[in-house]
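Okay, structure first, notes after.
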Amino acid sequence: MRSMRCLVAVVVLFLGRDVLGVSEESRLITDLLQNYVPKARPVLESETAVTVAIDLSLAQINRVDAKNQQIVTNLWMRLYWKDEYLKWNESAYHDATTIRIPSSDIWTPDIVLYNRIEGDETSDIPNTNAIITSSGDVTWLYPITMLSSCKMNVYTFPYDEQECILQFGSWTYDGFKVNVTNRNAKGDTGSFILNEQWDLVDIVARRNELVYACCPEPYPDVSFYISMRRKSLYYLFYVIGPCAMMTVMGLLVFLMPSDCGEKLSVGITMLLSLVVFAQFIAESLPATSRYIPLIGQFFGISVFIVAISSAITVLVLNIHFRGPKPTPVPKWLRTFVQKVRFVFRQNIRVQALQADKQLNNLSDKNSSVITDRPKTSYGFVEVNLDRQDDNRSSDLSRTYTMMQRKLDEQSVMLKRLVDKVLEKQREELVRDEWQNTAVVIDKLLLGVFLLVLILGSVIIYG
């Protein structure tokens with residue numbers, strides 16, 4: 001019976017301490033807020049400034065909008081200051097060292113993000129509890145999603161690094177009333193959630209103070225510089241790689257046969273594909289006229305090369321197909337082709353390059369067969385005429401005259417036939433020379449454009 005009484009006494013003692021603890025905390029909060037004015041700065045003297053230390057933890061980078069120069073971040077804000085009216089004697093309240101009071105019931109600094117942008121992705125400051133110690137130190141922690149402006153330089157896109165600034169400060173108080181300072185030299189990244197497009201490099205905190213010409217009061221702020229590096233693998237695999245392949249394919253049209261009409265179709269198709277990719281990149285970048293991003297320069301060179309190669313393809317096809325009666329290759333072009341063909345080891349027949357000389361020799365040789373013979377000799381029967389022979393009959397004279405007339409007609413017809421054959425051979429040789437010239441020009445342009453593409457890529461990304 002006695003042991004039961006002791007057990008009940010112990011239970012009552014512990015329960016009494018719990019009830020006492022709750023009542024003491026409630027009494028403490030009531031006493032602190034009884035004459036408290038949340039709208040007044042928590043200082044005993046009006047000349048004293050409230051020092052507010054700002055710290056933040058970057059939880060996540062939700063979105064980086066380079067085109068609109070914006071960034072969306074999830075932040076855990078941490079504000080620290082001293083409230084002269086929220087102090088107590090711990091021994092008077094059952095050794096209570098800390099309490100938690102809704103932030104709406106006490107004075108809180110009007111710290112805002114200066115470069116904040118209102119949008120659907122932003123959130124308001126939640127009414128979380130503030131942690132208060134017996135010495136009057138207040139700690140206010142709350143999460144918030146911020147949409148802020150961020151000046152970006154995408155010159156080296158997609159290998160760029162960006163630095164976005166989050167600038168915090170009091171909206172209505174100057175530095176003599178609320179002194180804003182950074183609690184740590186760097187922001188907290190211990191709880192950062194990795195981003196698929198950006199690597200977080202660092203967060204540096206820096207206090208700035210601005211004094212206007214009109215007023216002596218300083219206006220301090222704390223800026224957090226978020227440095228991040230873009231992950232370029234996505235753009236390398238889906239944009240730059242296909243662009244380079246299409247550019248090379250656009251140059252490979254010079255390896256197609258010169259008489260292939262599809263060369264122009266392939267070039268135009270590659271050109272349109274590059275333009276589509278360029279539009280895709282342009283939609284991801286800000287519309288700035290201060291500079292041209294390197295990837296824009298790369299696309300510009302690629303589009304220029306493919307466009308020029310397509311235009312020159314028309315010229316090459318025109319060279320290849322010179323019509324039914326092509327004119328001979330100009331001497332300067334023939335000399336140029338002879339020099340270039342050794343560079344590309346292009347095997348062009350010498351007789352095609354010397355068509356005029358061969359044709360002239362052939363024409364002179366065949367003409368002499370017909371025109372240089374004596375009029376009395378036609379290659380068939382040699383007839384010796386002796387005008388002094390009066391024994392020839394008049395019939396023989398008439399026969400000879402008729403034969404001579406017919407042979408003259410046949411000679412003219414034969415000469416026309418020979419000229420026609422020679423002209424056909426000449427056209428074939430000239431056409432063959434133009435075709436070989438087109439082949440050499442194709443190889444030359446392939447080398448030139450490939451060299452320009454390589455040099456341009458090295459200069460841009462070197």
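Including glycine, each Cβ sits where the backbone N, Cα and C put it.
What TrEMBL says about this one:
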| type | residues | note |
| --- | --- | --- |
| DOMAIN | 25-231 | domain 'Neurotransmitter-gated ion-channel ligand-binding' |
| DOMAIN | 240-460 | domain 'Neurotransmitter-gated ion-channel transmembrane' |
| SIGNAL | 1-21 | signal peptide |
| TRANSMEM | 233-255 | transmembrane segment |
| TRANSMEM | 264-282 | transmembrane segment |
| TRANSMEM | 294-317 | transmembrane segment |
| TRANSMEM | 444-461 | transmembrane segment |
Which whole-number mean pLDDT does the model give the domain 'Neurotransmitter-gated ion-channel ligand-binding' (25-231)?
93
State the non-local partners of the transmembrane segment (444-461) in its own chain: residues 6+ outside its ends, Cβ under 8 Å from one of its Cβ atoms.
244, 247-248, 251-252, 254-255, 294, 297-298, 301-302, 305, 308-309, 312, 316, 340, 343-344
Quick test of the contact rule: Cβ under 8 Å, at least six residues beyond the ends. What residues does that give for the transmembrane segment (264-282)?
239, 242-243, 246-247, 249-250, 253, 256, 295-296, 299, 302-303, 306-307, 309-310, 313-314, 317
